[in-house]
Amino acid sequence: MKRIESFLPVFLLVAGMAAPAYAEVHTLKLPAETAQLKSSRLPGYVIATQKCATCHSADYIKYQPPGMTLVQWTGEVGKMQHMYGAPLTDDDVKVIGAYLAVTYGSAKEADLPAELRLAWASGATKPAAGKGLDVQALLASNNCLACHAIDKKIVGPAYHEVAAKYRGNPGAQALLEKSIHGGSSDKWGQAAMPPFPQLKPEELRALADFVLKQ
């Protein structure tokens, strides 16, 4: 018993020296997202880029059965709306389903109903900016608030963080408008922001101005 007690201080000393090695934290950095949806003139491409890419990588499509039909792809998008609360209108579901079915499935563009090919041009699914330039309506209709908040990080940075970063930069307005219009990556971590090419110049100015004032 005395022999064990004599070794006890040495054991505790060695254990204490080893403890920091086990407490060391290693940070795992994942590669930046590079997969993108295939470009298309179909109206569903723009909406899918804005509203689907905020939660899904384009690689998600690779895990779906090949050759899915228009009905199947529309059903898959509808599931995201009804089961998972995706911020999609019924019109969004139809045009995104058409885009995915033609681009990744077995559907042909010529076989689509006319309303699915011309919906964007007719304004049926184009986000409404409200009366005049209602910034809150622009934020809501373009799904900005799914990734951003005024004072806390969600997926992307808080608006007040963006404003603080660019404060005092005379080119901030133009830089932010460019990022909103064309999308950006590797500026605020690994999350990439999708582009919003359908926004008018005055809408881009209003959104950028709003963010910079936070």
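Each Cβ is built from the backbone N, Cα and C atoms, and glycine gets one as well.
Bear in mind that TrEMBL entries carry predicted annotations, made automatically and left uncurated.
The signal peptide annotation in TrEMBL covers 1-23.
Per TrEMBL, the feature domain 'Cytochrome c' maps to 127-214. Model confidence over the domain 'Cytochrome c' (127-214) is summarised by a mean pLDDT of 85.
According to its DSSP assignment, MET193 (heme c binding site) is in a strand. Look at TrEMBL and you will find CYS144, HIS148, MET193 tagged as heme c binding site.
Across CYS144, HIS148, MET193, which the record gives as binding heme c, the greatest C-alpha separation is 11 Å. Its Cβ placed at the centre, HIS148 (heme c binding site) has 20 other Cβ atoms within 10 Å. Excluding CYS144, HIS148, MET193 themselves, the residues of that chain whose CB lies within 8 A of the CB mean position for the heme c site are, in sequence, ASN143, LEU145, ALA146, CYS147, VAL155, GLY156. CYS144 (heme c binding site) has a Cβ environment of 23 other Cβ atoms inside 10 Å.
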